[in-house]
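Colleague: Dumping what TrEMBL says about this protein:
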| type | residues | note |
| --- | --- | --- |
| DOMAIN | 8-116 | domain 'HPt' |
| DOMAIN | 136-251 | domain 'Response regulatory' |
| DOMAIN | 260-376 | domain 'Response regulatory' |
| DOMAIN | 416-548 | domain 'GGDEF' |
| MOD_RES | His55 | phosphohistidine |
| MOD_RES | Asp309 | 4-aspartylphosphate |
Amino acid sequence: MKSAPNSLESRIQELHSDYTNQLPGKISRIQIAWNNICEQGWSEEHTSTISTICHGLAGSAKTFGFSALSKSARVLEELLEETQRSQGTQQEALATQISQMMHTIAHHASRPDRRQGLFSRITMTQQTEPQPINRTVAIVDSDREFATNLATQMGYFDLQAHTYTSTTAFLADLNETLPGILVISAQLSKGNGIAVASEAASRLAERPRILISSDLDDMKLRLACVRAGGEAFLVKPFEATQVIALINKTDTCPSKEPYRVMVVDDSLTMSQLFTLTLEQAGMDVRTVNDPMDMLNVMLDFHPELILLDMYMPQCDGDDLAKVIRQHEAFFSTPIVFLSAETDFERQLSALSTGGDDFLTKPIEPAHLVQAVSSRVQRSRQLHSLMVRDGLTGLLNHTESKRQLDILLERAKRANTPLCFAMLDIDHFKRVNDAHGHPVGDRVIKSLSHFLQQRLRKTDVVGRYGGEEFVIIFPDTTESDGQRVMEELREKFAMVTHHAGDQSFQCTFSCGIATFPHFSNATEIVDRADQALYSAKNQGRNKVIAAAHR
């Protein structure tokens, strides 16, 4: 849960105080380790202590307002590495520089910047609710018959369309209709239809989606469409389903589920800071400070991205990345290294172990949020492609069954009903035989767009295979599910499909089965399939509910 503004400020100040209070102890530890080296000679234990603390300070100090300390810690870390590689008089000279740098670091640790550090730039992201989709369409075209037919077909897809044969009439009515979608001919107003679309958009408080129709496929017109902010250029003749497909493509609301991010960093202060930063951006964050606990948290949390520190006492980030990739469930989970490491070769080496990106500390809070958001968003998009049917964009067979399992378990826990519908396009083989498979594919896509437009966002729609579809209605009784499917059946039968100069209609048959009448997913699917078979045998173009006691 995100903090309120006052709480956010207090948490930031608390983290800053914790970090500042820890500095004297860290400086003391590296000074003691260096004194031991000077007295007893080089040892891995003392060298590791200095290197680890300096590396952490180099990546964190600027974040908390100690930019000079960050720079000097990085210099000391590099000097230490160079000294270990050298011998004789050169090593003695470098050791002298390290002793001097010890005093510099101690000085900088007590002198914060006058300006606050990067931590002060954490801001709360205002989460806004998705606005209802404006389903009003303005069709502006001098061809009255074309505009009327297009408007009629759009009505079957639950869109309210207004038609205009002149730009004058359209602009005069603009503030009354307030269209969310504008389909306007480029040839209107002596070829200035696109300019009229731009003018209309500038007059409206909410910019409509602009779809340009044209009698000609012309490069200049296409460029004008793009420059006017048009989302599509449609060459006549085209079908209403093409417009619906464009609307569905850009109408998908962002997932309401917050991004799930796991932060693995041995530094309690830094991990809390990263967590706070990402939480203020609306993300769900889990923190792991002991790398040995990482797998247990992953299996419980299923993160969509892992933010991984590169250097930790028990094991390094690149080794952890290899362990993560051993698990099939996390093989494609994005791993982003976050470290003060600036050596490009080492960064590339880390990425070769299974990482997807490398961010260098210190990092601006806004940059961290953007980097994480873009990675998770891309990951969700790739996952969506994996679970969706290539032709329709609906869930595929496997994912449809998985969603039924998930929603059925949810219905059982909440003691709410669930309705499952299975539908099949009637006489689809005749469509393919008479008009060819490309036309058949358009019919399948038409039904998929039809279902997407007319169903709730909470309803799950999938293509089960061929011309067969499934719909899962959460929190829906048998009677309500049957009523919705009857309405869909009647409306879809009115949709006109085209094959060259010919036009035709299609129907579908449907079987439904519900929970709690049937208690498990396999039984629900089987009973819906049997009900669909009965609908086919009883003359098709019917909706039948599975019999139950």
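Every residue gets a Cβ built from N, Cα and C, even glycine.
Bear in mind that TrEMBL entries carry predicted annotations, made automatically and left uncurated.
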Colleague: I need the CA-to-CA distance for His55 (phosphohistidine) versus Asp309 (4-aspartylphosphate), whole Å please.
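Modeller: Just about 11 Å between their Cα atoms.
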Colleague: When DSSP states are folded down to helix, strand and coil, where does His55 (phosphohistidine) land?
Modeller: helix
Colleague: Out of 8-116, 260-376, 416-548, which stretch touches the domain 'Response regulatory' (136-251) the most, going by CB pairs under 8 Å?
Modeller: 416-548
Colleague: Can you check how the pLDDT averages out over the domain 'HPt' (8-116)?
Modeller: 82
Colleague: With Cβ-Cβ distance below 8 Å and at least 6 positions apart along the chain, what are the contacts of Asp309 (4-aspartylphosphate)? List them in sequence order.
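Modeller: Once residues fewer than 6 apart are set aside, Asp309 (4-aspartylphosphate) is near Val264, Asp265, Asp266, Ser267, Met270, Gly317, Phe337, Leu338, Ser339.
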Colleague: Just to be sure I understand the packing, how many Cβ atoms besides its own are within 10 Å of the Cβ of the residue listed as 'phosphohistidine'?
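Modeller: The residue listed as 'phosphohistidine' is surrounded by 21 other Cβ atoms within 10 Å.
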